[in-house]
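J.: I have a structure I would like to understand better, so I am pasting it below and will then ask my questions one at a time.
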Amino acid sequence: MGIKGLTKLLADNAPDSMKEQKFESYFGRKIAIDASMSIYSFLVVVGRTGTDMLTNDAGEVTSHLIGMFNRTIRVLEAGLKPVYVFDGKPPEMKGGELAKRLARREEAVESLATAKLEGNEADMEKYSKRTVKVTKQHNEDCRKLLRLMGVPVVEAPSEAEAECASLCKTGKVYAVASEDMDSLTFGSTRFLRHLMEPVSRKLPVMEFDMNKVLEGLSLTMDQFVDLCILCGCDYIDTIRGIGAQTALKLIRQHGSLEKILENLNKDRYQIPDPWPYEEARRLFKEPLVTQAEDVPDFKWTAPDAEGLIKFLVEENGFNHDRVQTAIKKIQLAKNKSSQGRFVNCLCRL
């Protein structure tokens with residue numbers, strides 16, 4: 001879910017914190033990418049015809065592999081240095097949100113069955129997409145693919161967004177790429193949306209600067225975290241009737257969730273019981289992440305051509321010639337990136 005209404009709130013109140021950028025402007029930059037978010041979008045969009053998804057001869061879905069392979073090649077060809085971060089075990093507080101997602105998927109399954117009986121193709125496609133879930137196997141497939149491509153993979157101890165933000169805050173990467181705005185709540189100093197969108201959508205990358213977010217909203221980081229909790233996050237329910245603009249007004253007026261709750265009109269706003277905002281706040285400010293000293297140096301190595309042929313062509317039915325061509329693209333892209341870094345070094349001498 002991310003943070004409800006945060007993008008519009010920033011556009012209205014801190015417009016200088018966000019700017020459109022060209023994809024290629026991140027040449028040579030290390031970018032931490034939320035892997036699960038990308039895999040989900042590939043499963044929903046790539047190669048889908050109505051309710052049918054791309055599969056191999058064994059009937060196993062391959063949309064995630066095709067999407068990850070092609071999109072990562074595009075990233076590498078632009079000279080970017082991607083680091084894919086995979087989710088670990090979710091915090092217990094996220095159980096409520098995960099249960100809601102499960103309920104929505106189950107409801108979508110029922111609606112899909114009804115649409116099939118009625119022969120309503122538009123509804124069939126719509127509800128089919130809502131049944132999509134990223135599985136353990138999808139993640140394992142993509143981890144294997146990325147390693148064969150010579151791209152670094154990080155296993156987060158808990159939330160990928162938190163791990164990405166930590167890598168950014170400690171200078172291990174230049175920016176975080178995701179579609180969930182809670183990357184900012186976790187403290188990403190530089191956050192990118194639409195980096196992994198397909199070329200066909202022609203969307204520019206939207207870059208958010210955390211310092212300018214706080215400056216534009218006239219908030220401290222602690223107050224920004226409280227604002228995001230009040231807007232609505234994955235950890236606790238919202239207070240009905242309080243949207244993003246009202247949340248900002250209340251935070252500016254009272255300074256903290258404690259003061260807001262002390263002064264809130266209880267007749268007008270019903271506070272959920274329980275409403276463990278302190279624990280939600282702790283998860284944003286002190287998430288379970290890999291300590292900076294334990295993060296290894298990231299290395300982008302040459303692709304394992306033989307391994308890629310075996311995995312993609314022999315095991316998953318990809319076209320041999322296309323995979324061979326793609327491998328050459330990866331090799332050329334990595335050489336280009338290395339040469340670019342060398343030129344940059346010379347320019348600084």
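Cβ coordinates are placed from backbone N, Cα and C, and glycine is handled just like the others.
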J.: According to Swiss-Prot, D34, E159, E161 bind Mg(2+) 1; identify which of D57, D87, D209 is listed for that same site.
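T.: The candidate from D57, D87, D209 that Swiss-Prot ties to Mg(2+) 1 along with D34, E159, E161 is D87.
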J.: Have a look through D222, D226, D234, D237 and flag the one Swiss-Prot assigns to the Mg(2+) 2 site that D180, D182 belong to.
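T.: For Mg(2+) 2, Swiss-Prot names D180, D182; of D222, D226, D234, D237, the listed one is D234.
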J.: In sequence order, which same-chain residues at least six apart have a C-beta under 8 angstroms from R71 (DNA binding site)?
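T.: Residues satisfying the criterion: S38, F42, M196, P198.
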J.: Taking R71, E159, G232, D234 as the record's DNA-binding set, what's the max Cα pairwise distance in Å, rounded to a whole number?
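T.: Largest pairwise Cα separation, rounded: 31 Å.
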J.: Would you please pick out, from the binding-site residues D87, E159, E161, D180, D234, the one with the fewest other Cβ atoms within 10 Å of its Cβ?
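T.: Comparing Cβ neighbour counts within 10 Å for the binding-site residues D87, E159, E161, D180, D234 gives D87.
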J.: Near D234 (DNA binding site), meaning Cα within 10 Å, which of D34, D87, E159, E161 (binding-site residues)?
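T.: Matched binding-site residues: none.
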J.: Most Cβ neighbours within 10 Å: which of the binding-site residues D34, D182 is it?
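T.: The most densely surrounded of these binding-site residues is D34.
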